[in-house]
Amino acid sequence: MKYKRKLSLSVVFLFVFYLAAVTSDLESDRRALLAVRNSVRGRPLLWNMSASSPCNWHGVHCDAGRVTALRLPGSGLFGSLPIGGIGNLTQLKTLSLRFNSLSGPIPSDFSNLVLLRYLYLQGNAFSGEIPSLLFTLPSIIRINLGENKFSGRIPDNVNSATRLVTLYLERNQLSGPIPEITLPLQQFNVSSNQLNGSIPSSLSSWPRTAFEGNTLCGKPLDTCEAESPNGGDAGGPNTPPEKKDSDKLSAGAIVGIVIGCVVGLLLLLLILFCLCRKRKKEENVPSRNVEAPVAAATSSAAIPKETVVVVPPAKATGSESGAVNKDLTFFVKSFGEFDLDGLLKASAEVLGKGTVGSSYKASFEHGLVVAVKRLRDVVVPEKEFRERLHVLGSMSHANLVTLIAYYFSRDEKLLVFEYMSKGSLSAILHGNKGNGRTPLNWETRAGIALGAARAISYLHSRDGTTSHGNIKSSNILLSDSYEAKVSDYGLAPIISSTSAPNRIDGYRAPEITDARKISQKADVYSFGVLILELLTGKSPTHQQLNEEGVDLPRWVQSVTEQQTPSDVLDPELTRYQPEGNENIIRLLKIGMSCTAQFPDSRPSMAEVTRLIEEVSHSSGSPNPVSD
């Protein structure tokens, strides 16, 4: 009996001791978070200090009575992390402080985070050297320190992190060589630093974009100067001397050289004669200024602005039988009077190169400005081309870019549109990230989504088969007041399928096999991706879209299931948004519904437009830019 009583007392004692230990550990976590709060400022850190448990605080996640995750992305945090703060959260597995304004070094007591798996600190202003202790953490899987101010060398002990699959160090101030890294990494980027030297052979299989913006050499970049493609220096000091007999030329060799020179001279004269005849013919054709196509610019770089004057195109023919046609066919003349010669002589500026052709800004002397699209790979005959263009020219909507005129010949197909001064939504979302850039606020983004939805809904209302065919952010153009207008509508059927965009661009619906045959439900999918891009700030074509290599819709779905919808939003959007983002989440869910895997599960564009109108109206009237 006494034995049973002693056993019961022991069990009770152990249980009480366990509760006390758990309470003590949670209190230790609470003190650590308060230390962070005292050093770091930001809206989410207005935690309820009266609560005994930190597990209900914003961004804090607990498991078994301990803090296991701290997620405060894009929360406007600033200041430096203290010793005795995060480093004392010894059960922490996930730390996400990305896209804030935190500065200073990474605290040395991060070495205590032996269970840490995921470290996301990108998009801050952390400085100092990258501590080597990060690569001694036994559980670490992903490290993202991109877009900070880290300096010094990449630690030599990277290979100590045996479970590491992601290492992002781009856009810092790192210097020196890249150490040999033999880990089976799945994601890697050190671009836009001050690194130098040869790229280790273990990293040579990564794309150029992982290393650009440094002074590195070796695969996949240019060959290092010390390396010789032939394996040695030709004609170097170790080259054996030739025999003396080779210094003397035989009579046969001399005769061969003379004959070769004579033949070469005759060929040169023949070429000069042909060039002179061609030049005389071209002098009879009026000189024209024509823009030369340029390579497509990336979404993260500014498109170069330059005027290029080249040899005029071949003589324009108005039909495939060869009849001359120098006339533009106009749909709208309210933009101003001009003819083909005037258009080709106008001051031209390269805007970019897309999937259907190159675009230029044409400025006339009298002040008129238009946009010209030079189509490429047109595969339909003239009659079908003209019929198609007349259908497009008859369309009129406030959110469609106006098709002013077109020109058709065997060698040239030109479309003339109204010019949109603010450029494309893609350039604004993913272009210059400098201090002078003004980000789009919520009201403006909602207005852009609504304008684009109305335009596409109008296209679909023409009949049951009319679709846009190429919806993406670079085809959403903006006016001075940030009014959205949709461009490149209805052109997919007349362009070669090899030129039409494919699924790699991130907007294409999964059921599409022929890029020239896009259904209205496929348009809805592409528009859904556009909404997600507008709210997350992530390009669907970005290589580092997320850390699993999935497309944008699946990434949004995955994050919202594991965390909260707010975790996927563009930090530039949440930073300037007042408390409460219910309408943002509503629009995000509309975008997700549009990207349903099966076409029948997607709403119609009319329904999408109605839903966005409700969101927009409950948000108030749009303002163009953030305060």
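Every residue, even glycine, has its Cβ placed from backbone N, Cα and C.
As recorded in Swiss-Prot, the features of this protein are as follows:
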- 1-23: signal peptide (SIGNAL)
- 115-137: repeat 'LRR 2' (REPEAT)
- 139-161: repeat 'LRR 3' (REPEAT)
- 253-273: transmembrane segment (TRANSMEM)
- S347: phosphoserine (MOD_RES)
- L351, G352, K353, G354, T355, V356, G357, S358, S359, K373: ATP binding site (BINDING)
- 389-409: transmembrane segment (TRANSMEM)
- S424: phosphoserine (MOD_RES)
- T444: phosphothreonine (MOD_RES)
- S519: phosphoserine (MOD_RES)
- T595: phosphothreonine (MOD_RES)
- S621: phosphoserine (MOD_RES)
- S626: phosphoserine (MOD_RES)
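Shown on the structure are the features that Swiss-Prot records.
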residue	record	CB count, 10 Å
S347	phosphoserine	12
L351	ATP binding site	23
K353	ATP binding site	17
T355	ATP binding site	21
G357	ATP binding site	21
S359	ATP binding site	25
S424	phosphoserine	24
T444	phosphothreonine	23
S519	phosphoserine	16
T595	phosphothreonine	25
Please report the distance from the Cα of G357 (ATP binding site) to the Cα of S424 (phosphoserine), rounded to the nearest angstrom.
16
Average pLDDT across the repeat 'LRR 3' (139-161)?
94
Pull the DSSP breakdown for the repeat 'LRR 2' (115-137) and write it out as helix, strand, coil residue counts.
5 helix, 8 strand, 10 coil
If you take the centroid of the Cβ atoms of L351, G352, K353, G354, T355, V356, G357, S358, S359, K373, the listed ATP site, which other residues of that chain have their Cβ within 8 Å of it?
R374
Cα-nearest neighbour of T595 (phosphothreonine) within the listed binding-site residues, L351, K353, T355, S359:
T355
Return the member of L351, K353, T355, S359 nearest to T444 (phosphothreonine) in space, with distance defined Cα to Cα and candidates limited to these binding-site residues.
L351
Does DSSP put T444 (phosphothreonine) in a helix, in a strand, or in coil?
helix
Closest to S519 (phosphoserine): which of the recorded positions S347, K353, T355, S359, S424, going by Cα position?
T355
The repeat 'LRR 3' (139-161): DSSP-derived helix, strand, coil residue counts:
3 helix, 7 strand, 13 coil
